[in-house]
Amino acid sequence: MNGSCDQGDSALVRTLTGDIFNPVHLDETTFAIAQFACCLVGIPLNLSIAITLIRHRRLRKKPRNIFLLGIILSNLSFFIPAVIKLTYWGFYPVESLCRVYVALVGVPQGLLSLNMFLAVADRYLAINHPLLHRKKMTVRFASIVIILSSISTVFFLKFVYIVGLAPLRCEVWLVHAKIILMILTLLFLSCATLHLVVYRQTKILLGTIFPSTNDAAGQRNGNQMECIELAVIGNESLNERVSTPITNDECSSIRTSMSIHVNRRKLSQIDLETTRTLISGLTSLFITTLPPMIFVSSFLACRLVSQSDCSHFNWLAPYMIELGLINVVCSPLIILIRNKDLRTAL
């Protein structure tokens, strides 16, 4: 092991002077103040939402709120490296604190991307397999999925340290950076793709409920309430479901799997809300995960092409990694604005 470590010294990130790069070191007071401000606002905000979701039985009995809780806890994980960095910079610059920071780098981004993926996957199942989702997706099952998948993600992110491929010291190993890049890229692409799929499926479902806004047979003064039959048969795909506008008298006599009364103005609100969900989800994903991915990819590409240490990239590292703090401060506010039940309980 010592021989492999000595041989792997060239696989460490170094400064312009040739010294080993210290990942927890802060050079700018302005950046430290900005981090402190984010922590001062973001920690109480996310913590209050998490406590509200846990304490109120009406909220925690819904599986979708369990996935929301996973996202909020992932938000809180962003503040742990930030607090460690501020502590190291301010008054306790010790090796052990730097090791803890190295052990946590990349974990918040991975956990947030994972929990966002699970939350969107839950919505995908609810749209495409509503009966199965209602039967199988319980609070306990959602909790188990979140816990097991989070543990697995952390294990793979820190695989090099857990199995002893590299020593955990106050330094950055390139193999560790490559593993983090691969996992974050996989989670990012999966989550972004699923966001788009759910958006498309939601639009298809809305179009199936209301095939044509100009259909006079099913309208009365533009605000006609329509009874929609959604036939859900086995594992039938969303595109094959039948949606037929019928009269109110017929509605009470027909045995259907599901009946929905929707106002056309309400339909426009649902459509707008679907678009907002897509935009907010992708924006959060782009802010937290994409900058570190671009930075690490550029750094590794520079080393591969120029055959040098590419130390001039080092000053960008804290900005790219900690950029997610902006999102974890803003996203809870968006959640509160859009979630009336949570806002009322809070």
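Here the Cβ of each residue, glycine as well, is placed from N, Cα and C on the backbone.
According to TrEMBL, the protein has these features:
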- 45-335: domain 'G-protein coupled receptors family 1 profile' (DOMAIN)
- 31-54: transmembrane segment (TRANSMEM)
- 66-88: transmembrane segment (TRANSMEM)
- 100-120: transmembrane segment (TRANSMEM)
- 141-163: transmembrane segment (TRANSMEM)
- 175-199: transmembrane segment (TRANSMEM)
- 274-296: transmembrane segment (TRANSMEM)
- 316-337: transmembrane segment (TRANSMEM)
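Here the transmembrane segment (66-88) sits apart from the transmembrane segment (175-199); fewer than 3 CB pairs are under 8 Å, leaving out pairs fewer than 6 apart in sequence. Pairs of Cβ atoms less than 8 Å apart link the transmembrane segment (175-199) most often to 274-296, out of 31-54, 141-163, 274-296, 316-337.
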